[in-house]
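Only one structure is covered here, and it is reproduced in the block below.
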Amino acid sequence: MANILIQGATVLTMEGPDGVYRDGEIAIAGNSILSVGPRGSVPEGFRPGRSIDGTGMVAMPGFVNCHTHAAMTLLRSYADDMPLMKWLSEKIWPVEERLQPEDIYWGTMLCCLEMIKSGTTTFADMYFSMERVAAAVEESGMRACLSRGMIGVGSGARKAIDESLSFVREWNGGADGRITAMFGPHAPYTCPPEYLKKVVDLAAREGAGIHIHVAETRDEIEQIRAGYGTTPVRYLDAAGVFELPVLAAHCVHLDEGDIEILSAKRVGIAHCPESNMKLASGIAPVTELLQAGAAVGLGTDGAASNNNLDMLEEMRSASLLHKVSTGDPLALPSFEALRMATAGGALALGLKDVGLLKPGMKADLILVDFRRPHLCPQHDLIAHLVYAAQSADVDTVIINGKVVMEKRQVLNLDEEKIMAEAQKRALRLVNRE
């Protein structure tokens with residue numbers, strides 16, 4: 001792996017609003033960042049194998065998508081304008097029963113292609129046939145936290161535990177350390193207490209985290225309250241789930257006590273504003289969570305409920321949503337939205353070596369081309385990234401010290417083949433008996 005020197009870019013480190021070098025340099029040695037600073041700050045003796053001219057670009061950490069279902073790209077536009085439970089029970093779950101492992105592989109490849117082209121370098125995924133998901137991640141060069149979704153009721157409950165355990169043991173730390181394997185109990189309403197306790201015991205024994213949907217809809221709140229007399233957050237806390245590293249997706253319907261628990265237990269939260277809006281699930285109390293010190297990142301959710309995987313759009317939607325819903329134009333300002341999409345997302349995933357541009361961090365970064373009419377004039381770079389930038393502005397993507405996209409060309413994936421396979425398999429899937 002050749003050392004890389006990036007020169008001339010405006011470097012946005014994400015260590016704070018003032019962490020900006022207008023004529024900056026980034027030295028990458030192997031898969032890590034060696035130095036970041038103004039031009040001329042590269043350590044003496046550093047010999048790059050290649051140099052990248054960043055003139056007119058902003059260099060920044062790659063986006064961290066904290067919650068998605070990668071292979072659901074195959075179901076993009078298949079089921080729209082429906083409430084969550086009807087969407088799941090009538091459209092999504094029936095067609096998912098017909099998915100084959102190779103469908104999931106190609107759906108994940110399409111996901112990785114789309115995410116790379118829009119500047120995402122790390123994502124968290126929950127699905128099934130996770131060995132094929134991991135294979136796609138390994139091939140794409142991306143970084144990912146992967147979990148096999150587990151339904152704790154019905155005939156497949158035991159199989160989900162067995163497959164999850166096998167996956168964690170085989171893939172945790174895989175793909176040169178780019179894959180983190182987790183356990184994925186689906187949600188409080190699909191996982192009874194005794195099942196959750198089994199998952200917690202396994203995760204603790206294996207040293208793995210947990211990825212779970214939490215308090216996504218009012219139906220879930222009512223169901224858990226009717227069955228257990230409590231909230232989904234308290235239900236999970238009583239089962240011992242929050243004693244482990246946890247990524248909780250959605251967290252829409254929370255009371256003050258729930259927020260206190262999530263913050264105190266250092267639960268990572270994946271805020272998915274566009275999916276929540278589209279399914280009319282509600283608006284997560286993100287400003288309250290942030291004020292309580294919770295670790296909040298952004299996620300797109302799956303392409304079947306978003307309908308894209310564009311973190312630039314997700315940032316903009318998040319910031320605007322919380323301004324209009326609170327009546328406060330200062331709610332979720334641009335730097336906070338950008339932090340949630342980068343360093344905050346890494347923190348929510350428990351990844352300590354991504355999300356910032358500083359020495360010792362993994363070399364996961366992107367170059368955004370600011371030589372665009374919609375990014376001119378450049379009074380505030382951070383505001384531009386959140387309110388004006390588009391995915392097509394992402395010029396270069398580097399993951400783990402390897403250039404995976406340059407001048408909008410993804411170097412290690414066959415774009416045409418991936419799209420053709422995905423289109424073919426998606427049509428077969430929805431017509432398959």
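From the backbone N, Cα and C atoms, a Cβ is placed for every residue, glycine too.
Look at Swiss-Prot and you will find H67, H69, H213, D301 tagged as Zn(2+) binding site, backed by sequence analysis. In this structure, D301 (Zn(2+) binding site) belongs to neither helix nor strand by DSSP; it is coil. Under a cutoff of 8 A between CB atoms, and with a sequence separation of 6+ in the same chain, the neighbours of D301 (Zn(2+) binding site) are H67, T68, H69, A249, C272, E274, S275, N276.
As annotated by Swiss-Prot, substrate binding site applies to E96, R148, R158, H186, E216, D301, with the evidence given as sequence analysis. All protein chains shown were included, and the count of other CB atoms within 10 Å of the CB of E96 (substrate binding site) stands at 21. E96 (substrate binding site) falls within a helix when secondary structure is assigned with DSSP.
Take E96, R148, R158, H186, E216, D301, the residues named in the record as contacts for substrate: the widest Cα to Cα gap among them comes to 26 Å. Annotation note: H213 (Zn(2+) binding site) sits in a strand segment as assigned by DSSP.
Of all the binding-site residues listed (R158, H213), R158 has the fewest other CB atoms within 10 A of its CB. A count of other CB atoms within 10 A of each Cβ picks out H67 as the most crowded of the binding-site residues H67, H186. Cβ neighbour count for H69 (Zn(2+) binding site) (all protein chains, 10 Å cutoff from its Cβ): 24.
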